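Submitted below is the structure of interest, expressed as structure tokens.
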Amino acid sequence: MAGFRGNTAGMTPLVGYDSGIIGGVLSLPPFQDDFNFKSKHQTAVQSLSVALQQLGAFVACFAIWPITNRYGRKWAIALCANIFCIGAAIQTANTHSTSVFYIGRVIAGLGLGGSSVVVPMFSGEMVPKQIRGQIGSFYQLMFTLGIFTSYWCDWGVARNYANNDSRMWQIPVGLQILWAGLLVLGMFTVKESARWLMAAGRTEEAWESLKWVRADDGPITQAEFQEIREGVELEAHAREGFRMVEMIQGGNLRRTLTASGVFIAQQATGATAFAYYGPQYFKLMVGGNAQSNLLLTAIFGAIKVAACLAFVLSVADRVGRRTVFTVGAAFMAACQISTAVVVATHPLPKLADAHVTHSGIATIALIYLFVIAYNFSWGPLPWPYVAEIFPARTRAPGTAIGVASQWLFNFVFSLTTPYMIKNLSWGTFLLWGIFDICIALFAWFCLSETQGKSLEEITQTTSHRSNTGMRNLVSEEDCMGSMRSGESPDAKLK
């Protein structure tokens, strides 16, 4: 295989940093004092501060795909990072107004949502098929690295600044601008997607881009370039006159539902809710003071990074996607249900600052095992999987719909999680466990295997599962014949 270079997979630690920072910041006394919300309003403020950003991200998923189709992947990512900088700056300003803070969250969400659509798309189009899952999974690795940084930043400022010092929350919030700024600068160092350039008729630039990202211009790279050219030419006629209604017609309907289902499942595991509200979850499990819960959350973040790195290096392109999804969800279900049982049968001592009990240690261990399983499966893998199941004709809107589903249910669960923790207590873990069982069944019976196939092969051999789980493959000849007649190859699946 030809070489590979570039930073296409590690572009957005800002997504993870922002996700991890907010739960800790909301628990810091100076933030609560500056924005003047009392304990009785704390649940509502926590819920809105997280959920409104997800709402902005949801809207951006639909707004970004026509932009990236017209102007390319590279500059669409830079645009998203600039928008995020504006939102982060508004949040950092000590306006003493929760309304202004909410506005900053929404604007930052627009940047996050747009980048979450384009980055996996860019990565899927640029990397060799042999390591597409591995490189695509770097998106989640950067996400976990951002979370890891944010958790330790929260813990550090809580230890080193007085409870009346606004810098305690402004420093971690303001650091978001650094990550977004680095992303903007980084985009000047990469080439545009070779597939996008080819589709835009810029053949020479596409060849230069592929040579650059492969660090090679030999026979293997030339053969790949020819494969890209043939794939783009095959789809050129079908792309004309595209309408969004096509996303729910023929085989595209199954792809669209699969993309949405995968990202909804990712959110329904409960891992993202834990990323946002780690200190609140640990308080539910073990009690303790704010600093100890921030420390437990920081260790949680370190485990996320280690697990995700291990997955990227050793598992991503060595095990089938469907197997990883199924086993990961089943293991997470066992951890969450076990946590619910322990918390229900061994309630916390009445003293909030009591030492962590043996049952508390058990729940901590279970949650750490849970996050390891998540980062070996549903954390990193949905990003490359969804980007690779769509043909070039529908990849941009298809990925946008899938990621929009992720942000929509991110919004739903981030809005409801504080109320779940407050009202359901141990039932929160039981609910996540039940969801994880359903997710395992969904992965085994509904998902198709894409490991090791080029994007062109996936396009030309669209798989369709019958009720018995067998797959009927559309032949390349049928696909080409359908393209020539103007009929979508997915119609063969009807």
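Placement of Cβ uses the backbone N, Cα and C atoms for every residue, glycine included.
Annotations for this protein, taken from TrEMBL, read as follows:
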DOMAIN    4-451  domain 'Major facilitator superfamily (MFS) profile'
TRANSMEM  48-68  transmembrane segment
TRANSMEM  75-93  transmembrane segment
TRANSMEM  99-123  transmembrane segment
TRANSMEM  135-157  transmembrane segment
TRANSMEM  169-190  transmembrane segment
TRANSMEM  257-277  transmembrane segment
TRANSMEM  297-316  transmembrane segment
TRANSMEM  323-344  transmembrane segment
TRANSMEM  356-377  transmembrane segment
TRANSMEM  398-421  transmembrane segment
TRANSMEM  427-447  transmembrane segment
Where else in the chain does the transmembrane segment (398-421) make close Cβ contacts, counting only residues six or more beyond its ends and a cut-off under 8 Å?
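Same-chain residues near the transmembrane segment (398-421) but 6 or more away: 43, 46-48, 50-51, 54-55, 57-58, 61-62, 64-65, 109, 113, 116-117, 120-121, 247, 252, 255-256, 259-264, 266-268, 270, 272-273, 276-277, 280-281, 284, 382, 386-387, 389-390, 427-428, 431.
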Looking at the domain 'Major facilitator superfamily (MFS) profile' (4-451) alone, can you tell me the average pLDDT?
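Here the predicted model's pLDDT, averaged over the domain 'Major facilitator superfamily (MFS) profile' (4-451), is 83.
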Mind checking which residues of the chain, 6+ beyond the ends of the transmembrane segment (297-316), have their Cβ under 8 Å from one of its Cβ atoms?
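The answer is 20, 23-24, 131, 133-134, 136-138, 140-141, 144-145, 147-152, 154-155, 274-275, 278-279, 282, 324, 367-368, 371-372, 374-377, 379-381.
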